[in-house]
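S.K.: Sharing the features that Swiss-Prot gives for it:
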BINDING   GLY169, ASP170, ARG171, GLN172, THR173, GLY174, LYS175, THR176  ATP binding site
SITE      SER362  site 'Required for activity'
Amino acid sequence: MSIKASDISSIIKQQIKDFNVTSDKKEIGEILTVGDGIAYVSGLENARLGELVVFENENYGLVLNLEEYAVGVAIMDGSNDLIEGQKVRRTGKVISVKVGDQLIGRVLNGLGEPIDGLGQITSTKTRKIFQIAPGVMTRKEVNVPLDTGIITIDSMIPIGRGQRELIIGDRQTGKTAIAMDTIINQKDKDVLCIYVAIGQKNSSIAQIVQKLKDHDAMKYTTVINSSASELAPLQYIAPYTGVTIAEEWMANGKDVLIVYDDLSKHAIAYRTLSLLLRRPPGREAFPGDVFYLHSQLLERAARVTKEFGGGSITALPIVETQSGDISAYIPTNIISITDGQIFTIESLFKSGQRPAIDIGFSVSRVGSAAQIPAIKSFASSLKLELAQYNEVKAFAQFGSDLDETTTNILKHGQKIYEILKQSQYSPISQFYQAIILLAIKEKLISQIPVEKIRKYRSELIKFIKNNSEIIALRPIIEKEKINNDIKEKLIYSIKSFVKKFILENDIIIDNGQNNDVQFINKK
C-alpha cells in the first residue's frame with residue numbers, strides 16, 4: 001500500500017490547524033511583583049477565585065484577586081524565597097482540609113496541618129474550606145441546651161446547641177476564660193470542641209493547650225493556631241479550616257462547639273490582605289465585603305435535620321472592643337449576625353466579679369427554649385431582681401435614708417452577685433445550678449451574710465451530694481418539669497441545710513424587720 005504525498009501534507013496541515021499554542025501559557029504563569037505576602041502573577045488566565053497555585057519553591061498560594069492582566073495571590077508560606085520572574089503553576093483545586101476523628105486531640109496550623117509533633121494525619125477524607133451555609137429547610141429548631149457550667153450564663157443567657165453566641169468585651173476581661181470553661185465543661189457530654197486561635201501569642205496558646213490537657217479536655221478538643229507571627233493569609237484561612245472540620249462531624253450526627261478567638265484580629269488580617277491587594281477601603285479602612293467575611297463563616301453554625309446528619313455546630317465568636325465601645329464597625333457587624341451576646345466589662349472585672357458579665361447588655365435570642373425545665377422555672381425572676389438591684393443601687397448613692405423595701409432589694413441583689421461569682425476552671429453542673437437558683441428564688445440566702453455566701457454555696461453542693469434522697473431525683477431535675485412535690489422536697493432540704501450552716505458558722509439572725517444577720521463576736 002503506497003502513501004501519497006498529498007495525504008501526508010493534508011494530515012500535517014490539519015494537525016497544525018488543531019494545535020493550540022496558548023494552552024500551556026494559561027496553566028503556567030510568572031510572578032510580576034512580590035512583597036508583603038502578596039504576589040501578582042501573569043499568565044494564569046483560567047485561574048479561579050479561591051484556587052490553589054504552586055510556586056517554584058513548592059509552597060502554595062491562594063488566588064484572591066482576578067484582574068484583567070494578572071491575578072493577586074496570597075502566599076501561604078516561604079514568601080522570602082520568591083522573586084520576580086519565577087514560575088507559578090495552577091493546581092485546578094480549591095483549598096481543602098483533611099477531616100475526621102484523627103484530628104481530635106491535635107494542634108493544627110491554619111491549613112489543618114499538624115504542628116504538635118505527634119506525627120502526620122493519615123486521613124484521606126478532605127472537605128473544601130469555603131462551603132455554602134445550610135439552608136433554611138436544612139435547619140432544626142435550637143432547643144437543646146449547651147451547658148457552660150457558668151451559673152450566670154446557664155440561668156440568664158442560655159446557649160443552645162446550634163446557636164451563635166458572641167462573647168464581646170475589652171481586653172483582659174475574661175472572654176477567653178468563659179470559652180475555656182465552656183470547653184472544659186463538655187467533658188462526658190458527647191460534644192466535640194474546636195478552639196481556633198487567630199493572631200494570638202504562641203506562648204498564650206501553649207498555656208491554653210496545657211490547661212486543656214490538665215483538665216482532660218484535649219481528649220475531645222482540636223486546637224487550630226494561626227499565631228500573630230504568621231502571614232495574614234493563614235490568619236484569614238484559620239476559622240474556615242475550623243468550621244470545615246466541624247461540618248464533617250456535624251454531618252455524622254455529632255454536636256460540635258467551636259470557639260473563634262478572636263474575630264477582631266481575623267478582620268484585621270483580612271483588611272491587611274485587602275489593602276495589599278489594592279481593594280478600595282471603606283469604613284475604618286475595612287473592605288466593603290467584611291460583613292460577608294463573617295456572615296459566611298458564622299452562618300455555617302447550625303443544628304441540622306436528620307436527613308443532613310442530625311448534628312450541630314455551636315459557635316462562640318470572641319470580639320475585642322476598645323474602651324467598651326460596642327458601636328464600632330466589627331462589633332456591630334457581628335452582633336447583627338449572631339443570636340445574642342455575652343458582654344464582659346472592665347469595671348466588674350476589677351471589682352472582683354468573675355465572670356465579669358454585664359447582665360443588662362447581655363442577651364440570648366434563643367432564650368429559655370435552650371434551658372432545662374428546672375433552671376427555666378427557678379431562674380425566671382433572676383434577671384429582673386438583678387435589674388432592680390442595679391437601678392436601686394444607682395439611686396442609693398444619692399441618699400442615706402432608705403426604706404425597708406429598698407434595703408432588702410440592695411441586700412438580696414448583693415448576695416445574688418456574690419453567689420454567682422465563679423473562679424475559672426470550676427464549672428457547676430446544671431443539677432447543682434438548679435438547687436442554687438431555687439435557694440435564691442425562695443430567699444433562702446437572706447439569713448446568710450455576704451461574706452459567707454460563697455462558702456454557703458460550696459457547702460450546699462456538698463450537702464446535696466451526701467443527700468441520697470435528692471441525688472435520686474437528679475435524672476428528673478435534669479430533664480423533666482418539676483412538680484410541687486419535688487420542689488417542696490428540695491426546699492425542705494435547703495432549709496435543713498440553712499439551719500445547719502447557721503449553727504456551724506455562729507450566725508445570729510436579727511429578728512428585726514430586715515431579717516438581717518451578723519456574726520457572734522467571740523472574745
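Numbering starts at 1 and runs along the chain as displayed.
Using the three backbone atoms N, Cα and C, a Cβ is placed for every residue, glycine included.
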S.K.: How far is it from SER362 (site 'Required for activity') to GLN172 (ATP binding site), counting Cα to Cα, in Å?
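M.R.: The Cα atom of SER362 (site 'Required for activity') is 18 Å away from the Cα atom of GLN172 (ATP binding site).
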S.K.: Is GLY169 (ATP binding site) helix, strand or coil when read with DSSP?
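M.R.: The three-state answer is strand.
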S.K.: Taking each of the binding-site residues ARG171, LYS175 in turn and counting other Cβ atoms within 10 Å of its Cβ, which one has the fewest?
M.R.: ARG171
S.K.: Same-chain residues six or more away whose CB lies under 8 A from the CB of ASP170 (ATP binding site)?
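M.R.: ASP170 (ATP binding site) has long-range Cβ partners GLU320, THR321, GLN322, SER323, GLY324, THR344, ILE345, GLU346.
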S.K.: Output, ordered by sequence, the same-chain residues six or more apart from GLN172 (ATP binding site) with a CB under 8 Å from its CB, or 'none'.
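M.R.: Listed in sequence order: GLU346, PHE349.
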S.K.: What are the other residues, in sequence order, whose C-beta lies within 8 angstroms of the center of the C-beta atoms of GLY169, ASP170, ARG171, GLN172, THR173, GLY174, LYS175, THR176 at the ATP site?
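M.R.: Apart from GLY169, ASP170, ARG171, GLN172, THR173, GLY174, LYS175, THR176, the close residues are GLU320, THR344, GLU346, PHE349, ALA356.
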S.K.: Please identify which of GLY169, GLY174 has the densest Cβ environment, defined as other Cβ atoms within 10 Å, among these binding-site residues.
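M.R.: Compared across GLY169, GLY174, the most Cβ atoms within 10 Å surround GLY169.
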S.K.: Could you check the recorded positions THR173, THR176, SER362 and say which one's CB has the fewest neighbouring CB atoms inside 10 Å?
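M.R.: If we count Cβ atoms within 10 Å for the recorded positions THR173, THR176, SER362, the smallest count is at THR176.
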S.K.: Is LYS175 (ATP binding site) helix, strand or coil when read with DSSP?
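M.R.: DSSP assigns LYS175 (ATP binding site) to helix.
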